[in-house]
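Accompanying notes for the structure given below.
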């Protein structure tokens with residue numbers, strides 16, 4: 001480059017609209033980008049709500065089918081299979097096989113170009129998978145010592161842990177209103193399932209630990225689903241990388257808890273009965289795969305806290321239908337708990353609605369939201385993306401925006417990487433698309449340079 005080019009300086013504070021050399025990540029001119037109006041944000045919210053509700057409805061259907069299967073599979077009046085952990089372990093490996101099949105058949109859709117490094121896989125994916133296996137294993141172990149009603153009451157605390165880890169990993173911005181709504185829902189769930197249950201301290205701590213692991217693993221799952229660099233930014237890819245470790249972890253727990261020697265010498269693995277058992281062990285894994293796919297889609301689109309709220313809504317629906325259709329008895333306290341839970345869910349929905357209307361949403365020329373992201377080559381950012389990044393980081397290296405979707409898409413376990421990336425953005429000041437290089441860099445603006453040549457970023461000396 002010429003010396004004139006080397007001396008060119010840019011500031012993020014200068015208006016860039018109309019510069020023909022600047023393009024956003026989609027290759028469009030910056031002129032076509034605008035901020036969403038209130039009506040446009042309402043339209044986007046309702047569109048997203050319909051899509052999210054569709055995934056939640058599908059998850060509800062698959063989850064209900066799986067619950068009915070479990071009741072049939074383990075009931076002493078039906079199939080009478082003695083090991084729930086072994087069944088779930090088999091389901092994890094079926095999910096891995098199906099995810100592998102999707103990656104092979106439709107690689108352009110389900111096989112990202114990026115793969116996790118060994119270090120990233122060990123530090124980020126393995127803890128998520130191990131936490132999932134331990135959550136399921138400890139939950140099943142606790143049921144050997146406590147009643148189902150007491151288990152449900154304690155397990156409902158997972159909503160608190162989900163919110164806690166969402167705050168820790170900055171998946172949700174801290175809000176006293178949100179905390180109050182979550183505790184209202186938690187209180188309603190306790191009343192909804194309240195019965196006279198015998199307190200068992202050992203079982204209590206097992207369920208509480210499982211609840212904490214549940215909140216931890218869902219938060220980690222959301223972080224993985226937003227990490228394009230690890231190649232887990234679609235649900236099938238996430239299942240592909242997590243399911244084997246989940247299965248191995250749960251298999252270890254199964255060996256410790258269950259007597260597998262007696263199981264394999266039982267009637268279930270004798271003669272032709274073996275084929276029937278294998279069929280009933282593997283086929284529901286397809287349903288489990290569909291259920292987990294919808295779970296991950298919900299987490300990716302809406303977040304881990306809405307996913308947990310959807311789970312509570314499912315419990316409310318199940319209890320209400322059981323009482324109305326099957327005549328299950330509910331005490332006045334249970335009915336009061338159902339009412340409180342429904343009010344809490346409604347308040348949470350309103351909270352998310354108000355938050356979406358108060359946020360700043362850049363739209364492209366077609367009215368679609370623009371995510372603040374870099375191209376795969378790291379060389380293209382629109383002026384709106386840069387301005388929004390500076391709005392969120394000006395005066396601090398921490399993100400404090402009300403609508404923190406950009407931070408969610410870039411955070412993964414460590415704030416150090418984010419701080420380094422922000423410093424990189426600040427130092428480079430401005431990046432233009434490769435299309436601009438065909439004409440040379442834009443002319444330098446009048447006035448003295450803002451930084452010295454010695455302090456200029458390395459790319460300006462190329």
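Our numbering is plain: 1 for the first residue shown, then up by one each step along the chain.
Even glycines carry a Cβ here, placed using N, Cα and C.
Curation plays no part in TrEMBL annotations; they are all automatic predictions.
Looking at 115-135, 199-219, 304-324, the stretch flagged in TrEMBL as transmembrane segment turns out to be 199-219. Checking TrEMBL for transmembrane segment across the ranges 27-44, 333-350, 351-368 points to 333-350. Using a cut-off of 8 Å between Cβ atoms, the transmembrane segment (81-105) and the transmembrane segment (199-219) share fewer than three residue pairs, counting only pairs 6 or more apart in sequence. Counting Cβ pairs under 8 Å to the transmembrane segment (176-193), the stretch among 50-69, 149-169, 199-219, 239-258, 333-350 with the most such contacts is 333-350. By the count of Cβ pairs under 8 Å, the stretch nearest in packing to the transmembrane segment (199-219) among 50-69, 149-169, 278-298, 333-350 is 149-169. Where the transmembrane segment (50-69) meets the stretches 149-169, 239-258, 278-298, 333-350, the count of C-beta pairs under 8 angstroms peaks at 278-298.
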